[in-house]
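So that you can see what the record holds, here are the features copied from TrEMBL:
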- B:His115, B:His119, B:Asp304: Fe cation binding site (BINDING)
- B:Val137, B:Val138, B:Ser139, B:Gly140, B:Gly141, B:Asp170, B:Gly183, B:Asp187, B:Asn275: substrate binding site (BINDING)
- B:27-310: domain 'Gcp-like' (DOMAIN)
Amino acid sequence: MKVLAIDTSNFALGIALAEKDNVIGEYITNLKKNHSLRVMPAIETLLRDCDTKPSDLEKIVVARGPGSYTGVRIGVTIAKTLAWTLKIPLTGISSLESLAANGRYFNGLVSPLFDARRGQIYTGLYEHKGNSLETVLEDTNILASDWAKRLKGYDRPVLFIGSDVALHNEALQGMLSDLAFFAPTALYNPRPGELALLGMDKPEEEIHHFVPNYVRMAEAEAKWLEQQGR
Amino acid sequence: MEKDQLILGIETSCDETAAAVIKNGTEILSNAVASQIESHKRFGGVVPEIASRHHVEQMTIVLEEALTQAGITYEDIDAIAVTEGPGLVGALLIGVNAAKAIAFAHNIPLVGVHHIAGHIYANRLVTELKFPSLSLVVSGGHTELVLMEAHGEFTVIGETRDDAAGEAYDKVARTLNLPYPGGPHIDRLAHEGTPGLNLPRAWLEGTYDFSFSGLKSAVINTLHNAEQRGEKIEPAVLAASFQESVIDVLVTKTLRAAKAYHVRQVMLAGGVAANKGLRAALSGAFEEFTDVELVIPPLYLCTDNAAMIGAAGSMLFQKGKRSSLALNGNPGLDIEQSFN
Ligand SMILES: [Zn+2]
């Protein structure tokens with residue numbers, strides 16, 4: 001099965017083409033450039049280099065968030081539309097789970113994270129068991145200091161991965177001290193090849209109703225609900 | 001016989017997710033629109049983040065509806081036309097990226113369309129354009145007079161220097177505590193009252209430009225002063241006076257420009273074109289002006305839709321415009337530069 005994977009949920013732009021357990025091609029950039037402009041040309045280039053036509057694709061896998069609202073929407077819109085128009089299945093994978101895959105050989109828990117401003121992070125807790133990546137705690141939006149407290153309860157080594165980790169280094173290391181491990185920068189970018197393999201055998205989504213996982217409500221909506229409560 | 005040209009139009013610049021199929025630039029085969037008005041009502045206006053979220057939810061559903069209604073397949077489509085700007089950037093991106101995905105998947109040419117060019121070309125779904133042609137474009141974000149000497153050649157001869165007419169309507173409606181969107185409510189109220197208040201008109205002599213911020217402030221001050229004196233102004237009287245002032249300027253300037261540029265046709269475009277008062281006043285003004293054809297599209301072609309984007313896209317495609325897969329949403333797109 002030929003799978004196209006798309007991740008534009010954060011700073012890095014990632015596209016991969018995979019077949020069975022083989023990543024055929026992978027394109028990653030870590031640039032401050034516009035995703036909307038660059039995703040389709042990147043897909044076009046990668047498929048051309050891999051001698052693959054759009055009609056050869058058999059599945060689309062997309063990183064569905066959390067992350068930048070606009071970034072996640074660009075990837076999800078392209079993924080949905082491609083899957084719908086090519087009449088092939090679509091699978092959404094957590095952007096954090098995809099990043100957690102980079103911690104495959106770590107003996108302990110893996111906490112991928114993206115900055116969510118004002119001391120907050122988007123994160124989840126994962127663990128590699130043999131060949132499978134298991135979710136220990138669901139993706140959430142939480143203060144880095146509160147997250148560190150929760151992790152302390154596990155009393156196990158935790159690997160933090162992601163380019164925003166440095167922003168929260170103090171809060172995490174302060175609480176976990178020598179149980180906190182930080183991935184090297186070469187593992188900061190989520191790999192679209194991992195995303196493709198993670199989604200390869202996962203169940204397909206109902207395409208029309210597939211939406212990003214923003215984790216957070218839109219600000220206007222949260223405020224409105226708060227006012228209703230009064 | 002020449003083959004029919006079929007264009008798939010896509011529009012997501014504000015709070016309508018829309019897709020349509022247009023034949024030969026003039027005939028609507030399908031016109032699907034998912035409106036978000038109900039969702040934004042509680043906020044008293046369009047919230048960009050919420051609009052973008054709804055577009056992602058609706059996009060493929062609306063596209064499927066448009067194709068099914070038209071009874072066509074991808075092999076039949078000659079080009080995909082999509083609004084590239086102006087509009088809310090996050091909203092534009094959904095339509096643009098969906099359009100690019102379909103264009104890539106089926107190797108179909110892509111054409112970026114200026115939203116206002118779309119509003120103007122909604123008229124071509126009613127009757128053929130006759131040049132020189134003058135368009136009065138009035139919407140929540142725009143108030144301008146656009147002159148066309150030929151297909152695709154747009155010259156803005158007048159525009160608002162501050163608020164758009166639709167914006168002024170919404171603000172006055174809010175002052176009167178009318179629900180969102182306020183335009184239709186003011187229009188309705190205006191018909192229940194007589195314009196007894198003397199409100200200002202910004203003529204900006206020697207130009208075809210508009211200004212509505214002074215009028216908006218005058219309305220707010222009038223209400224405020226009356227309140228201070230313990231008097232009550234009938235909302236219907238206020239609405240009628242406000243509407244008369246807006247329409248007086250719009251119609252007078254349009255008539256003046258139509259004469260000065262010797263146009264053969266005057267077209268109404270944009271969401272405010274749904275305003276009954278404006279439609280009636282414009283018809284009245286051009287009644288004795290028989291050498292100019294006045295075109296007022298039906299209401300469903302005045303509010304945002306994708307049929308108009310398909311109609312403008314059809315013309316642009318015919319004239320050779322092609323957009324690449326690097327097409328992006330451009331919230332500040334200029335209509336005079338929009339061809340390339
Ligand atoms: Zn519009």
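Any Cβ shown, glycine's included, is placed from N, Cα and C.
Where TrEMBL records a feature, it is marked here on the structure.
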residue	record	CB count, 10 Å
B:His115	Fe cation binding site	28
B:His119	Fe cation binding site	30
B:Val137	substrate binding site	27
B:Ser139	substrate binding site	25
B:Gly141	substrate binding site	19
B:Gly183	substrate binding site	25
B:Asn275	substrate binding site	28
B:Asp304	Fe cation binding site	26
Can you list which of these binding-site residues (B:Val137, B:Ser139, B:Gly141, B:Gly183, B:Asp304) have a Cβ closer than 6 Å to ligand 1?
B:Ser139, B:Asp304
Quick one: Cα separation, B:Gly183 (substrate binding site) versus B:His119 (Fe cation binding site), in Å?
18
What's the CA to CA span in angstrom from B:Val137 (substrate binding site) over to B:His119 (Fe cation binding site)?
8
Let me know the model's mean pLDDT on the domain 'Gcp-like' (B:27-310).
95
Listed substrate-binding residues B:Val137, B:Val138, B:Ser139, B:Gly140, B:Gly141, B:Asp170, B:Gly183, B:Asp187, B:Asn275 - what's their greatest C-alpha to C-alpha distance in Å?
18
Where does B:His115 (Fe cation binding site) sit in DSSP terms: helix, strand, or coil?
helix
Measuring Cα to Cα, how many angstrom lie between B:Gly141 (substrate binding site) and B:His119 (Fe cation binding site)?
12
C-alpha of B:Asn275 (substrate binding site) to C-alpha of B:Asp304 (Fe cation binding site): distance in Å?
14
Work out the three-state DSSP category of B:Gly183 (substrate binding site).
helix
Rounded to the nearest Å - Cα separation of B:His115 (Fe cation binding site) and B:Ser139 (substrate binding site):
11
